[in-house]
Amino acid sequence: MASQVSQMPSSSPLSSNKDEMRPKADFQPSIWGDLFLNCPDKNIDAETEKRHQQLKEEVRKMIVAPMANSTQKLAFIDSVQRLGVSYHFTKEIEDELENIYHNNNDAENDLYTTSIRFRLLREHGYNVSCDVFNKFKDEQGNFKSSVTSDVRGLLELYQASYLRVHGEDILDEAISFTTHHLSLAVASLDHPLSEEVSHALKQSIRRGLPRVEARHYLSVYQDIESHNKALLEFAKIDFNMLQFLHRKELSEICRWWKDLDFQRKLPYARDRVVEGYFWISGVYFEPQYSLGRKMLTKVIAMASIVDDTYDSYATYEELIPYTNAIERWDIKCIDEIPEYMKPSYKALLDVYEEMVQLVAEHGRQYRVEYAKNAMIRLAQSYLVEAKWTLQNYKPSFEEFKANALPTCGYAMLAITSFVGMGDIVTPETFKWAASDPKIIQASTIICRFMDDVAEHKFKHRREDDCSAIECYMEEYGVTAQEAYDVFNKHVESAWKDLNQEFLKPTEMPTEVLNRSLNLARVMDVLYREGDGYTYVGKAAKGGITSLLIEPIAL
């Protein structure tokens with residue numbers, strides 16, 4: 001990860017004659033202070049909880065009830081999903097979509113219905129052919145000019161295009177076509193359609209974080225004249241109930257973090273535990289994954305500390321015994337590493353030992369071994385980067401990529417995310433994940449290449465660090481912008497791979513695959529305008545505020 005260099009002040013707790021001139025990343029302190037240390041009072045009373053259950057049953061009945069046509073059914077299911085409450089109705093929605101998949105006359109559908117049907121079915125793994133859009137093209141192979149006046153249809157085609165896989169040229173064309181015409185139309189549209197279009201052009205449904213998108217759509221949906229009052233009320237209550245649960249979890253994590261006292265002991269490291277929780281709540285937000293969220297947040301917090309130790313403070317000579325200690329994973333190794341490394345090493349081992357204790361009741365200790373091995377591989381990759389920096393070595397782009405992909409940490413996070421899941425995860429799941437399957441490769445490429453572009457474009461990297469963009473520019477003799485374009489094409493290709501892996505039959509259950517999808521979504525949200533984790537950009541601030549601070553008025 002990136003850092004900007006300054007000298008370690010002589011007053012630092014880590015300062016000595018040996019390391020007064022150490023490079024240190026000039027990271028901002030946490031912008032949240034102790035805001036999340038204490039959990040707020042419960043914002044839902046017993047009467048509201050009872051109302052929540054009543055509304056839940058009402059919505060369930062509406063999902064399965066016959067409607068006038070498939071367009072109404074699709075639109076209602078879409079609203080349920082976009083409002084963030086579809087996790088309550090997984091089976092009902094799946095049954096309805098399966099029925100729509102097998103019983104539908106595509107020839108009669110307009111652009112809106114064709115597009116929303118395509119998107120929803122693709123989201124649920126149905127391999128709907130993109131040929132359904134051919135009827136909206138003219139004899140010259142261009143989209144008909146008549147569709148440009150159908151703004152809602154264009155908006156749905158735009159959203160559907162983000163579910164494309166390799167070889168679907170018509171959807172590649174649709175992205176450009178709809179983006180152009182929606183951009184022209186947005187200023188003349190009335191609210192709330194204008195807000196829907198404006199937001200979509202910034203963030204597609206497919207690549208947005210479900211909770212962030214739900215929070216935004218709640219404010220839009222209530223202004224749609226035809227909105228369903230029961231669904232809206234249910235979604236608002238459900239949002240606040242989840243927010244309270246998430247605040248409780250974050251409060252517990254913040255107390256753990258404060259007790260570690262890394263702000264004083266390790267002043268070179270980023271204090272981003274709140275942003276880390278936001279990241280992981282993007283991986284899975286549902287109540288049943290509370291344990292997984294807390295464990296994975298602690299892991300990403302420790303991975304961030306380990307990363308900063310390698311990247312922003314330690315000498316290569318210190319990193320060799322530190323890496324050896326991580327490889328051996330034994331508290332006895334603590335005597336072999338420098339004094340300042342001991343707190344982070346002990347905390348790292350403690351986090352994984354706590355994981356063992358938490359999953360032992362269900363005989364799932366084996367899962368933690370896979371998680372440990374993934375962390376060890378991450379540390380080993382960090383050491384390679386540190387060696388390159390020491391030697392001022394400029395690897396070829398392919399050599400750099402082979403090591404840089406593991407250093408983004410996404411394979412480690414994907415594997416570790418499975419530890420806190422239920423019976424849907426088996427030993428075969430971990431064997432599959434450890435084999436570097438295509439979907440984990442895809443999310444890793446999205447992470448690595450978006451990070452590389454953000455670091456270089458926004459100058460978030462130390463001058464002595466090896467840069468993927470610089471490697472590519474030097475090897476191929478291209479400008480920075482040309483390199484960005486190549487990297488962005490790799491990201492788009494990886495998204496197509498990721499979409500392909502969701503089409504039935506899948507290698508693993510959708511709930512397993514969703515972890516990689518959501519990890520990719522976090523990158524799209526946080527890193528499109530720079531490193532939004534390290535430098536806490538607008539997306540992170542806005543997301544944390546709307547999801548964890550501000551409840552919805554009922």
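A Cβ is built for glycine as well, from the same backbone N, Cα and C atoms used for every other residue.
Residues or ranges marked as region 'Disordered' in Swiss-Prot: 1-23.
Marked as compositional bias 'Low complexity' by Swiss-Prot: 1-16.
As annotated by Swiss-Prot, Mg(2+) 1 binding site applies to Asp307, Asp311.
As annotated by Swiss-Prot, Mg(2+) 2 binding site applies to Asp307, Asp311, with the evidence given as a curator's inference. For Asp311 (Mg(2+) 1 binding site), the number of other Cβ atoms no farther than 10 Å from its own Cβ, over all displayed protein chains, is 23.
Across the motif 'DDXXD motif' (307-311), the DSSP tally of helix, strand and coil residues reads 5 helix, 0 strand, 0 coil. Look at Swiss-Prot and you will find 307-311 tagged as motif 'DDXXD motif'.
Under the heading Mg(2+) 3 binding site, Swiss-Prot lists Asp451, Glu455. DSSP assigns Glu455 (Mg(2+) 3 binding site) to a helix in the three-state reduction.
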Per-residue pLDDT averaged over the motif 'DDXXD motif' (307-311) comes to what? 95
Entry from the binding-site residues list Asp307, Asp451 having the most other CB atoms no farther than 10 A: Asp451
Provide, as an integer number of angstrom, the distance between the C-alpha atoms of Asp307 (Mg(2+) 1 binding site) and Asp451 (Mg(2+) 3 binding site). 14
Neighbouring C-beta atoms (10 Å sphere around the C-beta of Glu455 (Mg(2+) 3 binding site)): 23
